[in-house]
Amino acid sequence: MSDQLILVLNCGSSSLKGAVIDRKSGSVVLSCLGERLTTPEAVITFNKDGNKRQVPLSGRNCHAGAVGMLLNELEKHGLHDRIKAIGHRIAHGGEKYSESVLIDQAVMDELNACIPLAPLHNPANISGILAAQEHFPGLPNVGVMDTSFHQTMPERAYTYAVPRELRKKYAFRRYGFHGTSMRYVAPEAARILGKPLEDIRMIIAHLGNGASITAIKNGKSVDTSMGFTPIEGLVMGTRCGDIDPGVYSYLTSHAGMDVAQVDEMLNKKSGLLGISELSNDCRTLEIAADEGHEGARLALEVMTYRLAKYIASMAVGCGGVDALVFTGGIGENSRNIRAKTVSYLDFLGLHIDTKANMEKRYGNSGIISPTDSSPAVLVVPTNEELMIACDTAELAGIL
């Protein structure tokens with residue numbers, strides 16, 4: 001292990017994922033997962049060399065408390081003084097950032113201005129930055145924007161059909177998210193296929209509690225499903241995805257809800273959870289559906305049908321498709337979701353080999369389409385932490 005370690009922080013609305021990455025080897029020295037940080041049941045789990053230890057965050061139910069506990073763990077293992085820089089995943093960087101950036105006060109001001117665009121994520125991201133600055137004074141902090149990868153989209157893909165004045169005044173456009181994941185997965189898929197990335201018309205489906213799909217042509221994002229905020233597009237764990245905007249006015253007029261209540265419902269109570277009335281967790285729903293739970297069955301049907309429609313539409317952006325790639329927690333592990341989705345797409349020449357689909361789970365990457373089939377279908381586990389660490393080291397001048 002070298003003395004050039006990068007701390008990567010990924011603060012969600014109620015979670016904290018942390019990883020200490022060795023700059024030289026790219027290996028994970030220590031990782032942590034803080035969960036339910038906004039509740040009295042907050043806990044943080046540390047993983048060092050495969051040994052896990054869970055600690056309650058009693059009285060520290062916030063991101064700052066979780067970072068403080070992480071600091072204690074680093075000191076316990078003699079890692080604190082080896083940390084040379086800190087990288088942060090930032091959900092929404094607005095129009096300004098097309099690449100990662102060293103964080104100063106001007107950047108913090110921009111991130112605060114983007115809070116209305118990602119109200120669930122940016123406040124948590126900012127909390128993580130402030131906590132890191134407090135606990136690691138003097139170290140450089142780097143922001144890696146989830147939106148930056150999609151700044152290459154053509155105007156026809158990112159423009160909303162609303163008056164120009166509104167678009168300009170409020171920077172009202174499609175931004176896209178999961179860009180850090182796409183930056184890692186796309187070249188990995190190209191490596192597996194043995195072809196230059198620039199020669200592959202690729203569609204990547206990042207499927208987790210949040211989910212999006214991106215069309216990549218000539219190695220660049222040309223279209224994506226998430227939009228002005230992360231709610232647009234696919235059916236997600238608790239987010240509705242695409243929905244008629246008229247729902248807002250209808251519910252405020254007829255259901256006695258205000259805009260904030262509708263927004264909370266569409267972000268936190270919809271998606272798989274809303275349809276199934278059971279869970280936002282795909283694993284739970286797959287088991288329940290097999291046992292005859294109608295809500296779970298319908299939720300998975302709606303999810304996979306919507307996903308297949310988006311895959312077909314992204315082929316327009318690419319001008320065809322050479323490879324479909326699944327990533328993210330669901331994409332990497334759920335053979336049933338992959339198989340059901342691809343079953344809708346045989347008209348595009350997409351097929352799945354049942355044996356390969358069964359094998360490519362739990363961290364295993366590779367091709368899951370038949371050997372004589374084209375386009376290819378792949379599974380590629382993402383590694384956003386490594387991408388963030390690489391950007392952080394480069395901008396912080398850590399060679």
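The first residue you see is number 1, and the count goes up from there.
Glycine too: its Cβ is placed from the backbone N, Cα and C atoms.
Model, not experiment: these values are computed from the prediction.
Sequence annotations record features per position, and here Swiss-Prot assigns Mg(2+) binding site to N10, E384 based on sequence analysis. Swiss-Prot lists K17, H206, L207, G208, N209, G210, D281, C282, R283, G329, I330, G331, E332, N333 with the feature ATP binding site. The annotation substrate binding site is assigned in Swiss-Prot to R89. According to Swiss-Prot, the feature active site, proton donor/acceptor maps to D146, an assignment based on sequence analysis. The site 'Transition state stabilizer' annotation in Swiss-Prot covers H178, R239 and rests on sequence analysis.
Comparing CA positions across the binding-site residues N10, K17, N209, R283, E384, the one lying closest to H178 (site 'Transition state stabilizer') turns out to be E384. Cβ contacts within 10 Å of R239 (site 'Transition state stabilizer'), excluding its own Cβ and spanning all protein chains shown: 28. Between the CA atoms of R283 (ATP binding site) and the residue listed as 'active site, proton donor/acceptor' there is a gap of 26 Å, rounded to the nearest whole number. Counting only same-chain residues at least 6 apart in sequence, those with a Cβ under 8 Å from the Cβ of E332 (ATP binding site) are F326, R361, Y362, G363, V379, V380, P381, T382.
Neighbours of D146 (active site, proton donor/acceptor) among the binding-site residues R89, L207, I330, defined as a Cα within 10 Å of its Cα, are R89.
Taking K17, N209, E384 as the binding-site residues under consideration, the smallest Cα distance to R239 (site 'Transition state stabilizer') is found for N209. Sequence-distant contacts of K17 (ATP binding site), defined as residues of its own chain at least six apart whose C-beta falls under 8 angstroms from its C-beta, comprise L9, N10, C11, S31, C32, L33, G34, E385. Cα to Cα, E384 (Mg(2+) binding site) and D281 (ATP binding site) are separated by 21 Å. Spanning the listed ATP site, residues K17, H206, L207, G208, N209, G210, D281, C282, R283, G329, I330, G331, E332, N333 have a farthest Cα to Cα distance of 21 Å. You'll find the Cα of L207 (ATP binding site) roughly 18 Å from the Cα of R89 (substrate binding site).
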